[in-house]
């Protein structure tokens, strides 16, 4: 059962979306890995991204949660997972690590150890899925962090900590004012799971939050204004926004290494496949469809499965092919007789004047190595997906098939040429196709 989002909160979300306009390109093109603790701040973060996804502004994010083994509350950790799993239709990565034992071994504080392990894990996940990390820091956290760093001897850089976007970490809650955060928390009835350690005076950050911050606020300190004094919201500079990448042609199909898929958990596998679909400008799989796809993958047989947008195809030994239904490889070829140019699947080739392009009829054969071989058998051996085979061009002359144009499917594969002298001119890419 999904949480409701009130109209007042939706208005705030919409206003925040406009404020983070410099990050729209990144947010819309890459999946987010959301760091979710279960507390108030990360709950707002999670619902904000849930709203963005419902509004079709972003690809489906992934929810990451780390049990630090500090709560000693297995029941609450179970509830956090059950809540996230039943409420948000996203991939989820939940992990457990004995942070107290690790901190003793490293000689660092619990906070430092937990943060280091968390970010190392988040970086690994975001790199794997070509996404970005999202955390729930806001201006009050910034004020706490300044004081914490100054107490520990920090200098000028203490004031520039927690930027909008740094080290592939995005912090959208800085676009919320403290008043807006309070309004949301008062308006909504979302489940909140507070970490018991947040109430312990054992930790310096908690003592700053409980005793120093309230004093500063009573004296008129404004965390929002202080943060803006030292941070400007700017479009992130990244290779992903270069002109070369922005003009990148969407491929006609993608292959996913079956060994990689087999090494992933169910949630990781869905996130991985959905990321590939996003690269093809397609929507993620539904839960039911993904279940059917997983069942077929586990049987290790050949199969062809489709939804409204995509063909999923695999032979017994091949990788998994993802082919959009609007892919150029599922359309008929084009032939320009004046130039003798054959075009298909975004590729093209010049052909000799004595050959005619055609589609392969059922039962057609080609003479190769002194034998007459069925073309369907060659395409099967070359692991050409079944939905593609009927559109793959051939060249014929004198009522016989002389060439199977495999290079138009994949330039790395050579054409199959019959046992006769046929002049095949070099392939070349068609600009802008």
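Any Cβ shown, glycine's included, is placed from N, Cα and C.
If you look up Swiss-Prot, you'll see 37, 38, 39, 40, 41, 42 marked as ATP binding site, on the strength of sequence analysis. Following the DSSP three-state reduction, the secondary structure of residue 38 (ATP binding site) is coil.
Counting Cβ atoms from all protein chains shown, residue 40 (ATP binding site) has 16 others lying within 10 Å of its own Cβ. Local packing around the Cβ, expressed as the count of other Cβ atoms within 10 angstroms, is greatest for 38 among the binding-site residues 38, 39. Spatially close to residue 41 (ATP binding site) yet at least six residues away along the chain are 136, 137, 138, 141, 173, 181, judged by Cβ distances under 8 angstroms.
Those residues of the chain, other than 37, 38, 39, 40, 41, 42, with a C-beta within 8 angstroms of the mean position of the ATP site C-beta atoms are 36, 43, 45, 136, 192, 193, 194, 195.
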